[in-house]
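Notes follow the structure.
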Amino acid sequence: MKFALIGNPSVGKSLIFNQLTGLGVEVSNYPGTTVELQRGNTCFQREIVELIDLPGVYSLDGSSDEEALARRLLEAQEADAVIAVVNVTRLERNLYLLLQVAEYGIPMVVVLNMADDAARQGLEIDPGPIRDLLGVEVIQAAAAQGKNIDRIIPAALAASPPRMVEIPYDHHVEAAVRSLEKMFAADRRESLFALQGLGDNPDLLEAAGTIADEIESRHRMTVAQIIATNRHNFARRIADRVITKEAPAPRTDPDSILTRLIPGIPILLSILIGMLLFVFVVGSFLEGIIVELFDLFAIEPFLALSLPPLAEELGISILLALQAGLGIAFPYVFLFYIIISILEDSGYMTRAAFLADNAMHRVGMHGGAVIPLTLAFGCNVPAVMSIRLLRSRRERIIASFLVTMVPCSARTVIIAGIVGSFVGIGAAFSVYGIVFGLILATGLVLSRVTPGDRFGMIMEMVPLRRPDPRLVTKKAWARLSEFLFIAMPLLLAGSVVLGLLEFFGIMAIFGSLMEPYTTALLGLPGYTATALIFGILRKEMAFETLAILAGTADLGSVLTSLQLYIFAVVTVLFVPCLATITVLLREVGSKITLAVTVYTVALGLLIGGLIYRLLA
Ligand SMILES: Nc1nc2c(ncn2[C@@H]2O[C@H](COP(=O)(O)OP(=O)(O)OP(=O)(O)O)[C@@H](O)[C@H]2O)c(=O)[nH]1
Ligand SMILES: [Mg+2]
């Protein structure tokens, strides 16, 4: 037996899935948390039941990846029954999807979830009208309290196909459906889809296209809009019968503060800046402790062993990589994730996304991109992982470029340590200026040239709630462990390779080979090329390596201010680190990863070269 959980975003599908399967799928108060199919098993009276957790969708006739996925699953009759989860406090919009799902005629149970929220809002629910309309079982549940979740599987096992509900459409649409049904022996649903340009029968699509054009010219509305309006009206009439009593409106609505431009944007900015400051201050404090402990208890004792040179080099490479990885992972990534998880679960992130939506549109994304872009200031690795939240591949591609250009905390170390201390504070800020300018320009260009559909943002304002500490830590840990188990092994391998190259003098040869180019292009000595390469492993290593290669930590005495400035700009723009490349590979594939890498290298060299030409 196979059951699929389907419903709007953020209605509690994943929470129900977790409770039924005992798995730890991500649950979050942010629409679009589940982006792929999740499968799990549960056992009921010695029968194994497979459950599928679908990403949330608002309708089945859109063209996003999630909608196509849900449509395919229903069309293929992959599930023996669907468990339609509904947020009962947003019944009208949820019924819209429910009616569409019912059209597939697959056995179904309806779960009216969030009964607790409804009770709090003083709503009185009568599931009768839905039960009568569809002829299926309707369960009132509160997943957050585990209420009535146990009734879902037995009901799904006994589920029967819903009754055919014929939504009355506009008479032109009805006439079109009738003639398509007759001409192509198509059913009502297929004909309706064809009128909206969906389906895979070319003849049907062509005929439907012609009729749709005619209707559109008469109505000045697309057929999809007409159908949607009719369906919404129908859904509203049912919702009005289900919800029989409405409570008086709450006295102060926090959203009137959070989503209005004037207090909203300053609040958003202070939250973002506060978060960055908190993570930098606490993160660098913790990083200092970790690095020191590592020196004291791992690196120094290891050096005291006086192993043969090759073994020592290998051992040190591994220890340094561990130090670097743990130094970033724990302090920055974990703190960031705790805070982001709190912001998500409290429901604030949807307000932030709403506010940022306008600005984000200009760079080809919508408000949802605030999460990855903010995360990137801490570390690009979790930021790249979170671009999964974005709805379309087009946006994910644009985001993968922009996110990897955001100066992460390691790059801040370079800007502060090299430019800030040897050139000046103003110069340090100008590096940020250059980087932000380039990010903006890149976004503007990419939003024009990246193929794929543009989507408006339909983001539901999830309710504001107090985040559950258990859920928050669990989620932060799940994300951190991705970093530890995916990025760390690569850091280790990369470090060993670089250590060996150094040991056998290949780095030195490389440096002298590069010398003519770095001098001609950037006006920098050859050893800086080696430092740039080390920067791929971990950005602040570029600083340390530069000091080692220059033979002094007082960089100002060996390099001019201009050289230091150019070095910092190139390093900051130059290729994301190895760990970022790895997660990029996984999230967006090898082509885009290659493009991002080549682009950032070219951009670094180009801007560095330009500065050299202009200022030297
Ligand atoms: N108060 C209350 N909160 C709930 C209930 N069910 C789920 N939630 C919360 O609603 C939020 C969304 O839950 P998810 O399970 O992630 O929702 P989803 O339907 O899987 O969402 P997507 O993956 O985005 O489609 C989480 O913060 C849950 O804790 C409920 O019955 N009552
Ligand atoms: Mg989910």
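Quick reminder: no glycine exception, Cβ is built from N, Cα and C everywhere.
The domain 'FeoB-type G' annotation in TrEMBL covers 1-162.
Long-range neighbours of the transmembrane segment (261-283) within the same chain, counting only residues 6 or more positions beyond its ends whose Cβ lies under 8 Å from a Cβ of the stretch, are 331-332, 335-336, 339, 343, 348, 351-352, 355-356, 374, 377-378, 409, 412. TrEMBL lists 261-283 (among others) with the feature transmembrane segment.
Look at TrEMBL and you will find 319-343 (among others) tagged as transmembrane segment.
Per TrEMBL, transmembrane segment is recorded for 363-385 (among others).
Residues of the same chain lying 6 or more positions beyond the ends of the transmembrane segment (397-423) and with a Cβ under 8 Å from any Cβ of it are 279-280, 283-284, 328, 332, 363-365, 369, 372-373, 375-380, 383-384, 387, 390, 431-432, 435, 438-439, 442-443, 446-447, 450, 452, 538-540, 542-543, 546, 555-556, 561, 564-565, 567-568, 571-573, 576-577, 580, 584, 587-588, 592-593, 595-596, 599-600. Marked as transmembrane segment by TrEMBL: 397-423 (among others).
Among the features that TrEMBL reports, transmembrane segment is placed at 429-449 (among others).
Per TrEMBL, the feature transmembrane segment maps to 483-510 (among others).
Residues or ranges marked as transmembrane segment in TrEMBL: 516-534 (among others). Counting residues 6+ beyond its ends, the transmembrane segment (516-534) has Cβ neighbours under 8 Å at 498, 507-508, 510, 541-543, 545-546, 549-550, 559, 562-563, 566-567, 570-571, 574, 605, 608-609, 612, 616 in the same chain.
Long-range contacts of the transmembrane segment (565-585) within the same chain: residues 325, 380-381, 384-385, 400, 404-405, 407, 410-411, 414-415, 418-419, 423, 427, 431, 434-435, 438, 483, 486-488, 490-491, 494, 522-524, 528, 531-532, 535-539, 542, 546, 559, 592-593, 596-597, 600-601, 603-605, 607-608, 611-612, each at least 6 residues beyond the stretch ends and with a Cβ under 8 Å from a Cβ of the stretch. The transmembrane segment feature in TrEMBL is assigned to 565-585 (among others).
Residues or ranges marked as transmembrane segment by TrEMBL: 592-615 (among others).
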Stretch winning on C-beta pairs under 8 A with the transmembrane segment (363-385) (pool: 319-343, 429-449, 483-510, 592-615) is 319-343
Long-range neighbours of the transmembrane segment (483-510), counting only residues six or more past its ends (CB under 8 A): 309-310, 313-314, 316-318, 320-322, 324-325, 329, 333, 379, 381-382, 385, 529-530, 533-534, 536-538, 578-579, 582-583, 586
Sequence-distant contacts of the transmembrane segment (592-615), meaning Cβ under 8 Å and at least 6 residues beyond its ends, amount to 397, 400-401, 404-405, 434, 438, 521-523, 562, 565-567, 569-576, 581, 584-585
Given a Cβ distance threshold of under 8 angstroms, which distant residues of the chain, six or more beyond its ends, lie next to the transmembrane segment (319-343)? 28, 271, 275, 278-279, 282-287, 290-291, 294-295, 298-299, 302, 349, 352, 371, 374-375, 378-379, 381-382, 409-410, 467, 471-473, 475-476, 479-480, 483-484, 487-488, 491-492, 494-496, 537-538, 541, 579
Chain residues outside the transmembrane segment (429-449) and at least six past its termini with a C-beta under 8 angstroms from it: 362-365, 397-398, 401-402, 405-407, 415, 419, 565, 568-569, 572-573, 603, 607
